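Peer 1: These came from TrEMBL, pasted as-is:
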type	residues	note
DOMAIN	3-77	domain 'PglD N-terminal'
BINDING	69	substrate binding site
ACT_SITE	136	active site, proton acceptor
SITE	137	site 'Increases basicity of active site His'
BINDING	145	acetyl-CoA binding site
Ligand SMILES: CC(=O)SCCNC(=O)CCNC(=O)[C@H](O)C(C)(C)COP(=O)(O)OP(=O)(O)OC[C@H]1O[C@@H](n2cnc3c(N)ncnc32)[C@H](O)[C@@H]1OP(=O)(O)O
């Protein structure tokens, strides 16, 4: 069976271990983590830090999955793995609903109960978390994250590395800039500039 290394060993790694086990298509050889932590995650050994990526690649492990919630870190580690020659398969939970006309990029993650509707696009290393909705023609940008239960309506565009908080709602056609943050439970009814943080109903920009 094709072997895959998981980069990350925290909470998001647990979710992805269970996703890959549910799919049953790849063998998990272990997790890598640069942080101090336990020797294993849900029965998968932590082999060491990311310096082992090159060793594993040389041993013939050809697939990697970046199991890190932070968007910038996920993007950086994804680029590192790609540069070493790893393929980053999209992780799509068997209980997700993905339209046949949707497109899912390399290393993207679509978790259980998430919905990707007609002609929507999940770009590389983006994360559509549990129960999140990416409706028709919407785009979740590279390494962006739509948190659990968030809803991105038709034609919404989310820029690279943006975070849409848990349960947030975004009006049809709205654009969210790169690196923006939408707070938990916000209702976004107007475009959000790159790097801005918005909260509340209706969402308003505020500095933290
Ligand atoms: C599987 C998973 O867990 S995925 C997890 C995905 N992550 C998320 O959804 C988290 C999104 N992050 C948030 O919503 C955060 O609260 C942020 C980014 C908006 C603000 O975070 P912080 O800078 O840490 O703010 P902090 O908690 O210190 O609160 C600062 C102020 O903002 C208010 N505030 C914080 N979040 C919100 C919110 N979502 N809506 C309204 N007000 C908020 C606080 O009440 C506080 O108000 P005050 O200054 O009047 O007392």
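Using N, Cα and C of the backbone, Cβ positions are placed for all residues, glycine too.
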Peer 1: Let's check the environment of residue 69 (substrate binding site): how many other CB atoms sit within 10 Å of its CB?
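Peer 2: Summing over all protein chains shown, residue 69 (substrate binding site) has 17 other Cβ atoms within 10 Å.
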Peer 1: Please report the distance from the Cα of residue 69 (substrate binding site) to the Cα of residue 137 (site 'Increases basicity of active site His'), rounded to the nearest angstrom.
Peer 2: 25
Peer 1: Once the chains shown are all counted, how many other Cβ atoms turn up within 10 Å of the Cβ of residue 137 (site 'Increases basicity of active site His')?
Peer 2: 19
Peer 1: To the nearest whole angstrom, what is the C-alpha distance linking residue 136 (active site, proton acceptor) and the residue listed as 'acetyl-CoA binding site'?
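Peer 2: Residue 136 (active site, proton acceptor) and the residue listed as 'acetyl-CoA binding site' have their Cα atoms 17 Å apart.
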Peer 1: Which residue among the recorded positions 136, 145 has the fewest other Cβ atoms within 10 Å of its Cβ, if you could check?
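Peer 2: Checked 136, 145; of these recorded positions, fewest Cβ neighbours within 10 Å: 136.
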Peer 1: Give the distance between the Cα atoms of the residue listed as 'acetyl-CoA binding site' and residue 137 (site 'Increases basicity of active site His'), rounded to the nearest whole Å.
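Peer 2: Pair distance, Cα basis, whole Å: 17 Å.
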Peer 1: What does the DSSP secondary structure composition of the domain 'PglD N-terminal' (3-77) look like, as residue counts for helix, strand and coil?
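Peer 2: Secondary-structure composition of the domain 'PglD N-terminal' (3-77): 27 helix, 22 strand, 26 coil.
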Peer 1: Across the whole of the domain 'PglD N-terminal' (3-77), what does the mean pLDDT come to? Round it, please.
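Peer 2: Result for the domain 'PglD N-terminal' (3-77): average pLDDT 97.
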